[in-house]
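K.L.:
OK, Swiss-Prot features for this one:
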- 22-61: repeat 'WD 1' (REPEAT)
- 66-105: repeat 'WD 2' (REPEAT)
- 197-236: repeat 'WD 5' (REPEAT)
- 281-352: zinc finger (ZN_FING)
- C314, C317, C344, C347: Zn(2+) 2 binding site (BINDING)
- 364-403: repeat 'WD 7' (REPEAT)
Amino acid sequence: MAAEIHSRPQSSRPVLLSKIEGHQDAVTAALLIPKEDGVITASEDRTIRVWLKRDSGQYWPSIYHTMASPCSAMAYHHDSRRIFVGQDNGAVMEFHVSEDFNKMNFIKTYPAHQNRVSAIIFSLATEWVISTGHDKCVSWMCTRSGNMLGRHFFTSWASCLQYDFDTQYAFVGDYSGQITLLKLEQNTCSVITTLKGHEGSVACLWWDPIQRLLFSGASDNSIIMWDIGGRKGRTLLLQGHHDKVQSLCYLQLTRQLVSCSSDGGIAVWNMDVSREEAPQWLESDSCQKCEQPFFWNIKQMWDTKTLGLRQHHCRKCGQAVCGKCSSKRSSYPVMGFEFQVRVCDSCYDSIKDEDRTSLATFHEGKHNISHMSMDIARGLMVTCGTDRIVKIWDMTPVVGCSLATGFSPH
């Protein structure tokens, strides 16, 4: 069912510890059980499985439960050993797991959505199960009564969710590329603000309640850090993935962001450096360097008897420039550009070699990652995806041993 991998330790890359195989369809969620050698998985094959590591080093299913509908999302609350599973039919089901993780009892079904559930969060303090779905809404239900408390609709599929337990703020990402910040109440909610920055659907969110930072990953292959706590609208762009960003995890202790994309890319971003905001793109009717007209500026084209040019933008200064004045390419990691992007000639000349030093490390997960989660205390990561495989990684070589020991170098 599962192979134990003995990789030769590499000082600079994640170490693959185990590979779990056995699901008959895509694995939509995999969660590490804290303080246990165990993983909980949910799959499109309609099963929830709890895998425990045996003496042989292999993971075997101690619980194998078949659902009525494909499993699309999952949340696990370790202190109360409660599992919440969202399904393709819109229902959320609650289970309680025994102390030895060998038995799972059904508790109740929540009629949360009319369509596929995309994300679930359980709040013990309020006894709410909060979820988003492809019926374009976020709902919150009482786990004591099983009743629907409230629901808020969006204009497109709600795809991901984060929740601040202290303030009862919910962050919901959707397929239009928008993130909505809501204040949830017992039977109502209010929209605080909407965040717009992505050019593709938002696939994942991560909220850090300590620094009050929100991270979002999207199908435009980019990550945005929203400084909610700073109250100045500061955003940082991180571009280094070559495919849709599927999962995020911020390590508060070491100020690192771990991200995974659907092509198997695993990135670790150093957020403990002074980064710069990417500029807003400026609009102009002519090149802001050589003043040649752009192709829609018919008057200047006629007056100067010249052909109009295509408009481009320098990623460093944001100016509208022609192709001739922006012929060079450069990475600029301090602004989040880990690979080469278009810059104008004057900005290219201003970028020093040390400015091109990468502020992230990139690794290969070697499978199509659709979901990732971490046990930050142990420096472990689990990835799963459309190839039906679950992989368990030791991330301490790339994020530092300080995680495992609780020691921060800062």
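Yeah, the Cβs are placed from backbone N, Cα and C, and that goes for glycine too.
Tell me about the surroundings of these features in the structure.
P.N.:
Regional average pLDDT for the repeat 'WD 1' (22-61) in the model is 96.
Helix, strand and coil counts from DSSP across the repeat 'WD 2' (66-105) read 0 helix, 22 strand, 18 coil.
Nonlocal intrachain contacts for the repeat 'WD 5' (197-236), taken as residues 6+ away from its ends with a CB within less than 8 angstroms of a stretch CB, comprise 157, 159-166, 171, 173-179, 181, 242-250, 252, 257, 259, 261, 269, 271, 275, 277-278, 336.
For C317 (Zn(2+) 2 binding site), applying a Cβ distance below 8 Å and a minimum sequence separation of six or more within one chain yields P279, C344, S346, C347.
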K.L.:
DSSP on C347 (Zn(2+) 2 binding site), three-state: which is it?
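P.N.:
SS state of C347 (Zn(2+) 2 binding site) = helix.
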K.L.:
Give residue numbers and ranges for long-range contacts of the repeat 'WD 7' (364-403): same chain, 6 or more residues beyond its ends, CB-CB under 8 A.
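P.N.:
The answer is 9-21, 23-32, 34, 39, 41, 43, 51, 59, 246-247, 249, 251, 253-254, 256, 258, 260-266, 268, 409.
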K.L.:
Take the mean position of the Cβ atoms of C314, C317, C344, C347, the recorded Zn(2+) 2 site. Which other residues of that chain put their Cβ within 8 Å of it?
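P.N.:
Output for this site, in sequence order: R315, K316, G318, Q319, V321, S326, V343, D345, S346, Y348.
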K.L.:
Select the most exposed residue of C344, C347, where exposure means the fewest other Cβ atoms within 10 Å, treating these as the binding-site residues.
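P.N.:
Sparsest of the binding-site residues C344, C347 by Cβ contacts within 10 Å: C347.
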